[in-house]
Amino acid sequence: MYSTDNLNQLEPTFMYTQIFKDILLDMEHSKQALTDFTTYCRQNSSGSLINIDRFEKEYHTQSPVWWYSSPTFIYSMLNHALRSMEGDTIINMGFFIHDLHEQILQLHQQQVNSYRGKSFILYRGQSLSKANFQKLQATKGGLMSFNNFLSTSKERQISFEYAYAASQITDMVGILFIMFIDPNVKSVLFASVKDVSYFQEEDELLFSMHAVFRVGTIQQIPDDNQLYQVELHLTSDDDKSLRLLTNRIREEAGGGTGWHRLGNLLLTIGQFNKAQQLYNILLEQTSHEGEKALYCNQLALAYSEQGEYKKAIWYNEQGLEIYQKHLPSNHAHLATSYSNFSLMYTKLGEYSKALFFSEKALDIRETTYLTNLPDLAISYNNNGSMYANMGQYSKALSFYEKALEIYEITLPSNHPDLATSYSNVGSVYNNMGDYSKALSFYEKALEIFQKTLPSNHPSLVTSYNNIGLVYDCMGEYSRALSFQRKALEIREKSLPSNHPSLATSYNNVGLVYNNMGEYSKALSFHEKALEICQKTLPSNHPNLAIAYNSIGSVYKNIREYSKALSFHEKALEIFQTILPSNHFDLAISYNNIGSVCNKMGEYSKALSLHKKSLEIQGKTLPPNHPSLATSYSNIGSVYDDMREYSRALSCYEKALEIYEITLPSKHPDLAISYNNVGVVYNKMGEYSKALSFHKKSLEIQREILPSNHPLLATSYSNIGLVYVNIGEYAKALSFYEKDLEICQNAVPSNHPSLATSYSNIGNVYNNMREYSNALLFYEKALDIREKTLLSNHRLLATSYNNIGLVYKNIGDCSKALSFYEKALEIYEITLPSNHPDLATSYSNIGLVYNNMGEYSKALSFYKKTLEIREKTLPSNHPLLSISYNNIGFVYNNMGEYSKTLSYYERALDIKQRALSPTYRRI
């Protein structure tokens, strides 16, 4: 039973089951069909073996109506398959659907005159879930369809008993349908089956599939809160827009054999594995060359939709080879084969091959477009997809819009291909950072899909995912999560618990939680995804690599870098096994590992990996592809952390140049790029330039992002830091407080970003010498970090250092030393022995010992600092100058003046060689 909110709209499954029925009724069903069905039942445990054996042996001794009404597995199996669009079961029961319909037809023809044109009433008792009952109530006055065969009775009491029994079930509502039947209405076939039914005492009338009724009065039956009677009026009315679409999809299912039409329908409804099985059988059975080529092409599509691109290419090659032997070079079938190749090579990231085949297909289709506009649209879509993957978004948009224009002219307004076209345009706007337009097109697509596709169709899942992705980019994580969970819900209901597509949904939900900073939840979902992939996929499957990368990303965010590295390396190992050495996914993997190495202070490794990534991208992508900009940014980040600011700036400027050429002027990635440049200028002491770039970034973000987006918080924080460095602490505090306000509204109360915000405000108060306020905010940050992080986490060390600094500033050397030593303990456990943060930690402790007059201890720690910096920094680095100066200062306090002079001279030499006159030591 189906009903919808739109009063004259029917569920899309009405259309697809109708097309299934039409094909099955047209087909010849051999005696083998019965044997195939019972074999299928045994393999799938669809009923008891006794009942299956009995059905196989005795089928022809009883009528189809008798079997349908008997208390065996047939009734429940058939109706469940029709309700849930189980293509495999429907096809295997095709012979029975045919026979049952034919018997109803014969009985109807025998009985039709007995009605004498007079209306009569039938009854049906059944259960409905509370959710479905609410939908039914909303449909009062509208249409309702039964897509299955419909059993009814002339006996009200029998139907009432069914309804009453249903009302006693938890969370269910009992429904007594009172059906007003006018035999003059042109509707589906129905017949009295009293004399041939298993239950003859029920005085049953059986309707064939797709009876449509208009919903009348709905009222509660007295003395029972969960029992209702609903009036239904048999009608010939239908959903006109769905009828037009049904006719179109019938045409698209094509001519040829019934089996071929079934295969096309399975592809249309997204049951690709079943289509693949069917076409494999058809390919084995045919000797006709044209059919072989057709089935190879269809198999290529089925495998491609399942992500098995190598198999897809192989079958497409077989089909193309046959077509090239027998067809002229400009035949439409050749264009279809070329078009398929283009799509597959695009998905594999082999864009030069994709472009080659796309142009061949387009040449043919542009020549013959007057006879086949939809095929021309397919070529435009393929080109759009290819250019989108190459980062050439304006070209992609141009092709997608050409395709959309054709579809809007040639297709019904609710056709799924039109929805796909809207979705394609939306994806480009999303990549261009125009989220409002992306959302608009994605929502148009979703509206069509919801009206025209089965509720478990993959395109619906994709649509929810797309909208979730836009909201994720906009920082509206609760909405993003809602849509990703809708996608997950469909897959959980329609797929086995270990299906790889379910893993994809778990992964998507995990990504949102990762962005929300809810890392334990993110990890939980990613681990669910990984568990499924490990159980169901080959050990070198790319989906396993995706799962490893996702988990690695979470561990990176919680700064468990060794674990992050381990998972990213597992992903890389898979990609190296299955992909060509210049594949884009390999470049991403190198970038992932490089980013972790950078966080671990292994800068040479990080640089090497990011440069490998850049090398691959340089060979395979256009010179201005946004992914190249990402690689330049990653390299810039390493140089930034190495304090080689001129090199960092050079890389960040290359990235910015690409973004300015390829992206719209208000793109969020452009804002991030401006921020990166601003950060380096800040560290170089060029504060006016830093401020200028940060304000450019902020201007973009304020225009395109919600006011509580995390990226806005980052910009406020960056500007605050510049104001700290130029000593304008009131302004710094104002921007840091804006950052804090966003974080408090956007993330949980124990989120790491909040700790960072508290820490930044603490820094300002420390610089303003308001040490009690500084301590208050530093302790808030520490409280969050101690509750949410591992005891040896590096951010804890940062908090200990900050609190140690305050105690040093107020002259409480013993407390300062205690906190500095806690920080050092973490660094010595978690960092390489030559890490710059370790050097800073030694220096902090050295300073406290110097202030306490324990000069030998101070000297020991300062020399440890110097040893690291001499090994890891250029000989003219400012931090070396500071180290020499600190050691000279201790020797001066110890009265060893010759050594004092030696170290001061070294410090001075570096300053004269390396520092600009405006350099400030901070």
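Using the three backbone atoms N, Cα and C, a Cβ is placed for every residue, glycine included.
Because the structure is a prediction, the values reported are computed rather than measured.
Straight from TrEMBL, the features:
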REPEAT    335-368  repeat 'TPR'
REPEAT    377-410  repeat 'TPR'
REPEAT    419-452  repeat 'TPR'
REPEAT    461-494  repeat 'TPR'
REPEAT    503-536  repeat 'TPR'
REPEAT    545-578  repeat 'TPR'
REPEAT    587-620  repeat 'TPR'
REPEAT    671-704  repeat 'TPR'
REPEAT    713-746  repeat 'TPR'
REPEAT    797-830  repeat 'TPR'
REPEAT    839-872  repeat 'TPR'
REPEAT    881-914  repeat 'TPR'
- Near the repeat 'TPR' (419-452), which same-chain residues lie under 8 Å Cβ to Cβ, leaving out any that are not at least 6 residues past its ends? 9, 12, 15, 241-242, 245, 377, 381, 384-385, 388, 391, 393, 396-397, 400-401, 403-404, 407, 459-460, 462-464, 466-467, 469-471, 473-474, 663-664, 666-670, 704
- Message: Using Cβ atoms and a strict cutoff of less than 8 Å, what residues sit near the repeat 'TPR' (713-746) while being 6 or more residues removed from its termini?
- Response: 475, 477, 671, 675, 678-679, 682, 685, 687, 690-691, 694-695, 697-698, 701, 707, 753-754, 756-758, 760-761, 763-764, 767-768, 920, 922
- Mind checking how the repeat 'TPR' (839-872) divides into helix, strand and coil residues in DSSP? 31 helix, 0 strand, 3 coil
- Query: Looking only at the repeat 'TPR' (587-620), what are its DSSP counts of helix, strand and coil residues?
  - Reply: 31 helix, 0 strand, 3 coil
- Reported in the order helix, strand, coil, what are the DSSP residue counts of the repeat 'TPR' (377-410)? 31 helix, 0 strand, 3 coil
- Do you know the mean pLDDT across the repeat 'TPR' (335-368)? 84
- The DSSP breakdown of the repeat 'TPR' (545-578) into helix, strand and coil residues is 31 helix, 0 strand, 3 coil
